[in-house]
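Data first, discussion second: the structure below is written as structure tokens.
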Amino acid sequence: MANVVVVGAQWGDEGKGKIVDWLAEQADVVVRFQGGHNAGHTLVIDGTTYKLSLLPSGVVRGGTLSVIGNGVVVDPWHLVDEIARLGQQGVTITPETLRIADNATLILPLHRELDHFRETANATLRIGTTKRGIGPAYEDKVGRRAIRVVDLADADLLGAKIERLLAHHNALRRGLGIEEVDGAALKTELLAIAPRILPFADTVWALLDEARRAGRRILFEGAQGALLDVDHGTYPYVTSSNIVAAQAATGSGLGPSAIGYVLGIVKAYTTRVGEGPFPTELTDAIGEKIGERGREFGVVTGRKRRCGWFDAALVRQTVRTSGIDGIALTKLDILDGFETIKICTGYRLDGRIIDHLPASQADQARVEPVYETIDGWFETTAGARSWAELPAQAIKYVRRIEELIGATVALLSTSPERDDTILVHNPFED
């Protein structure tokens, strides 16, 4: 029996929600280990759609403990709202079903304001964030001035920490021409929300270590995609946290040996939200067709996603940087009916063929995709639950992806419904 880490292997929006829900039904504990409420998950269970952005997917499953790890930045006001919204759908969340790391960093209103200012002040410098304060909160964490969950329990210490925090932020805001933050007002806001957050606070690293030693199945739920990783992604058009599988250990307080099986979620084509390089992007009618069929709009922002052909070079890179053992291939049905389909196998840069996306921002913008073209299929793959139900050419496409990325398919998803899944290998049984 293995613990399982789920990571997006592209730029996010790969369909992790459905796969995580399928795995969460088998897990005892589901852990979020990075990011914040900037990445949405959509779950469809018995005809009901649940949209999550901060809470682990396990919250909609009775009998499963959900954990927000220390690697997550937590907006306490959003957390309260998300819990209330799920409550209206019949999902009850209590301290018995949800734990939050007491050493997790808080997102404050000043973080959201700074994020929004940076994204709107100069269009040429825009990264394409969700403007929800994620990046500025991580900056304060690394700068050793962050307010953490545990600080809400000590009013005197909280006041001192706010003073230290504002010594930095108000100097910055003066330089930017933004109104300064009143420390007393911020303290009042935090003390008001504290009673709704502190009951969930716990020493998460100890809780998870106990669960591991007891042989409980732990599912580590990644948000976004590894190509947005602050180190291994398309920098600077990335998020502000590490997303690769190794972060599951750091962001939860467990050792690397606790990770177990790494499952990469891979869409059968490629999408991206926001700015940044996208070698296989299709700006023509084909790209529009893929986007319309795949309903490619962000869960959190509603932004239209950019669409393109499958990029095997990028996914192969992620397989290596995350140590992916197997993949879950999603949205194969969106490619039904295409006469031909292209797969990017590498790039052309200055007359040379390279097999990975270079680190240089300038080179990333200049690479040209090298494609191979395969025949498509006209039969439907939607709703298939066995290999026998798939068209031969669709199987050929899947097998070619496996060859090019160096990882095998463990699960194949053919619709948003959780049961429309072809299981090849259960990651928990590795």
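In case you wondered, yes, glycine gets a Cβ from its N, Cα and C as well.
Straight from Swiss-Prot, the features:
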- 12-18, 40-42, ARG305, 331-333, 413-415: GTP binding site (BINDING)
- ASP13: active site, proton acceptor (ACT_SITE)
- ASP13, GLU14, GLY15, LYS16, ASN38, ALA39, GLY40, HIS41, THR130, ARG144, GLN224, THR239, ARG303: IMP binding site (BINDING)
- HIS41: active site, proton donor (ACT_SITE)
- VAL299, VAL300, THR301, GLY302, ARG303, LYS304, ARG305: substrate binding site (BINDING)
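For THR414 (GTP binding site), the nearest of the recorded positions by C-alpha distance turns out to be ASP13; the candidates were ASP13, ASN38, GLY40, ARG303, LYS304.
Between the listed binding-site residues, namely GLY12, GLY15, GLY40, GLY302, the fewest other CB atoms within 10 angstroms of a CB are found at GLY302.
In the three-state DSSP scheme, ARG305 (substrate binding site) is classed as coil. With every protein chain in view, the residue among the binding-site residues ASN38, THR42, GLN224, THR414 whose Cβ has the most Cβ partners within 10 Å turns out to be ASN38.
The shortest Cα-Cα distance from GLY12 (GTP binding site) to any of the binding-site residues (GLY40, GLY302, ARG303, LYS304) is found for GLY40. Checked against LYS18 (GTP binding site) by C-alpha proximity, the binding-site residues THR130, GLN224, LYS304, ARG305 yield GLN224 as the nearest. Using a 10 Å radius centred on the Cβ of HIS41 (active site, proton donor) and all shown protein chains, the other Cβ atoms total 24. Site extent for IMP: among the recorded binding residues ASP13, GLU14, GLY15, LYS16, ASN38, ALA39, GLY40, HIS41, THR130, ARG144, GLN224, THR239, ARG303, the largest C-alpha separation is 35 Å. Under DSSP, LEU332 (GTP binding site) is assigned to a helix (H, G or I) in the three-state scheme.
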